[in-house]
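Annotated N-linked glycosylation site per TrEMBL: Asn60, in sequence order. Under the heading domain 'Potassium channel', TrEMBL lists 61-121, 156-234. Annotation source TrEMBL lists transmembrane segment at 100-133, 145-167, 179-196, 208-228. Here TrEMBL flags 251-297 as region 'Disordered'. As annotated by TrEMBL, compositional bias 'Basic and acidic residues' applies to 259-268. The annotation compositional bias 'Polar residues' is assigned in TrEMBL to 287-297.
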Amino acid sequence: MFGALVFSSIERPVEDKLRRDMEVLKQDFLNQSCVNAASLELFLVKVMTANKYGVSVLRNSSVTSNWDLASSMFFANTLVTTVGYGHTTPLSDTGKAFSIVYALIGVPFTMLVLTACVQRLMFPLVLAPVGLLQRSGMEPRPATAVHFLLMLVLMVLCFFLAPAAVFSTLEVSWSFLDGVYFSFISLCTIGLGDFVPGMEPGQKYRQLYQVSVMVYLFVGLMMMYLLLRTFHKMADLHGLTTFLQLPRCEESDQDEDREPIVESKPDDQAPPYLNDKAASRPLEPGSQPSYNTINKG
């Protein structure tokens, strides 16, 4: 409700002003031509319907097809990553039916690939750096907080500010803020569609540009997921998930040759009263040291 009130108070006056400007423009056009209002409205309805499907009547804006190979790949990428800008939509019933089938298969598979990639990156980008900070003398909780802040800063620089500078350079009508806005909306899979790269008429290397944006979206989504996993694990360590009664982040499997974050201490060894059989019994999988098993004291 709060968000709705804020958006309504900000955007409603701008919308009303645009509506009045369009009405004045329409009346000026009718006064200067012999076209009647009914014919003009019919023309505008057809133009807006075509524009909804990515076809514009403006000069030089429809020279490049929205369904060439690169553009189709870009559409498929936004479909399976659930970004869905809506700038291009299937025109035919066959295309709509195929989109349903393709999304049913492609979305789970894409999420599976992203999850697998994040699990592979957890040790070199999360577990190992936290362990390094602890071995340098930091306590577990400050070490995880410092690591998360460093990851957050790198994420903002590499996947928001730097791409925004590139987008504002390549897209003539985009400002730097528009680039940041597009990056945030895309990597959060909101995909409003008001800004879509590669849609400028006569843009050079358009196909290569669209493929590059596809790679950026996939890598960016993967890093966003990694950042969220890191925050979830940090919240587990600080007791935030327990305080809010939220589920703990699942433990990721670790290879036998990976070095645990918390090095074993002499007082962590088995008590002398344990017999040899009990002491030599293999540990349960849940007892392997990991990010969430760091001493919270």
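Glycine is no exception: its Cβ is also placed from the backbone N, Cα and C atoms.
What TrEMBL says about a protein is an automatic prediction, not a curated fact.
In the predicted model, the domain 'Potassium channel' (156-234) shows an average pLDDT of 91.
Highlighted: of the candidate stretches 100-133, 145-167, 208-228, 145-167 has the greatest count of Cβ pairs under 8 Å to the transmembrane segment (179-196). Taking DSSP states H, G and I as helix and E and B as strand, the domain 'Potassium channel' (61-121) has 41 helix, 0 strand, 20 coil. Sequence-distant contacts of the transmembrane segment (208-228) (same chain, six or more residues past either end, CB-CB distance under 8 Å): 70-71, 73-74, 77-78, 81, 83, 114-115, 117-118, 121-122, 125-126, 151-152, 155, 158-159, 163, 170, 183, 186-189, 197-198.
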